[in-house]
Amino acid sequence: MAMGSGGGAGSEQEDTVLFRRGTGQSDDSDIWDDTALIKAYDKAVASFKHALKNGDMCETSDKPKGTARRKPAKKNKNQKKNATAPLKQWKAGDKCSAVWSEDGCVYPATITSVDLKRETCVVVYTGYGNKEEQNLSDLLSPTCEVANNTEQNTQENESQVSTDDSEHSSRSLRSKAHSKSKAAPWTSFLPPPPPVPGAGLGPGKPGLRFSGPPPPPPPPPPFLPCWMPPFPSGPPIIPPPPPISPDCLDDTDALGSMLISWYMSGYHTGYYMGFRQNKKEGKKCSHTN
């Protein structure tokens, strides 16, 4: 195929023929021969490399570099042969690892019989005695069972650690709540009551006249309008002690209740005397002015 240039230039440029049909080729020739396509591709690649080497992308070279001719890819059969790895030649008595069909886990086993025609075998699981028919292609090496057990143990240990951490945190929260519930009710600004004296004191001994449980502490005195304190607020009133169970009324409990009642009585008395003293000082200041 030829094309003439216009304008009477007389120059002709012959294009490269990529494919021509029915030009004397025999019927037995390979109709899928892509030699011309390979040559055209090699020519384009060579011209592109030459343009990159010269630093000019627009200039193309007519002389292609000598490049190796690519051969058609006809390695399908070889690739299939290489992809199919040969099976291991298992025989009776070999140690292996097999997947138990009931749970899908890998267990160590021993081959008892092999059927080469069916490519199957019968295995006995070590330590269990169960027999099962397995395909020879499904058998694993004994090291696979060890790796599987190691992974399972790691997962179990991680779950156990997370469970222990949650139990430890819940126990710490319960212990904190229990310690708070056992804390003494003396949370006001006043100090706690004095400690109980030694075992030398008790009902029926010198210095004590009470033989039974003391009466409940008196309520705090009501504040009259004329006794309102001049300062913004006074000390908070301590709560009464918890009631004593009748089953726990012994000498020590009775003595402790008596001392608590004395302490609260002195507290309310001092509180009242402070109001009186403050009132007297206020009257003196008013007379002086």
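The chain as shown is numbered from 1 upward.
Note: Cβ is positioned from N, Cα and C throughout, glycine not excepted.
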Candidate annotated in Swiss-Prot as phosphoserine, out of Ser11, Ser26, Ser162, Ser169
Ser26
Of Thr23, Thr60, Thr163, the residue that Swiss-Prot annotates as phosphothreonine is Thr23
From the set Ser29, Ser172, Ser179, Ser211, which residue is assigned the annotation phosphoserine by Swiss-Prot?
Ser29
So Lys49 (SUMO2 cross-link), by the Cβ count within 10 Å over all chains shown, scores 14
Here the mean pLDDT of the domain 'Tudor' (89-149) is 85
I want to verify one value. Collapsing DSSP to three states, which class is Lys49 (SUMO2 cross-link)?
helix
